[in-house]
Amino acid sequence: MLPRVGKEFVVRMRFNWRPFFEGRTLLLTNTLSGGVILGLGDIVMQSCENFKKPGRVRDWKRTGCMFTVGCSMGPMLHYWYIFLDRAFVGRALKTVGKKVLVDQLVASPFLGMWYFLGMGAMEGHTLSEGMKEFKDKFWEFYRADCCVWPAAQMINFYFLSPQFRVVYINFVTLGWDTYLSYLKHRDDSPHTEPLSDSSAVDVQQEALPPSKPLEKKNN
């Protein structure tokens, strides 16, 4: 009796979530899941920051910006995977390898640029400032990207059906989005060590102009 009930429950659940991965609803699912996961990545990152600095206040505006940028990336990933599946048909290892290579050379740099420009614009920075930050952090970003995404995309293109590609990527990116939040919001300004009292006195003495010798008055 119990196995039969469990089987009926699984079948019912399958038909309940299936509409989210069909037709136009799939685009909505991919869009919202991208925003939710990117927002969760920022929440995890801010929780780590609050743990290190107990007095820090959680920045929900920053999380909202991450959610918005994630939603903007969802449709791009949706149509990008449609293009790849039409351009490279099949699941042969050679075909999957071509998909992974094109994705790594084209989509990864573009989405990274979109992330930095989008977050910069929502935080009040100009496009030139966002582009400069992207250029400064590009190689660090891309090295980490090459360590994570080729293997994840091999699983995506080889085992999964096309309608599940973006949702799979969005859930894999929870850890990746946490890293992106760290990379975007970390403080790269040089930190100066506080001076001791004796060092401060020495610095002040060096800054003072040399005193002139007193002239003797003629009697």
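The backbone N, Cα and C atoms fix where each Cβ goes, glycine too.
TrEMBL entries are annotated by machine, without manual review.
The shown structure was predicted, so the numbers you read here are calculated from the model rather than taken from an experiment.
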Which listed span TrEMBL calls transmembrane segment, if the choices are 104-122, 161-179: 104-122
Same-chain residues at least 6 beyond the ends of the transmembrane segment (104-122) whose Cβ lies under 8 Å from its Cβ atoms: 65-66, 68-69, 72-73, 76-77, 80, 129-131, 133-134, 137-138, 141-142, 145-146, 149-150, 153, 180, 184
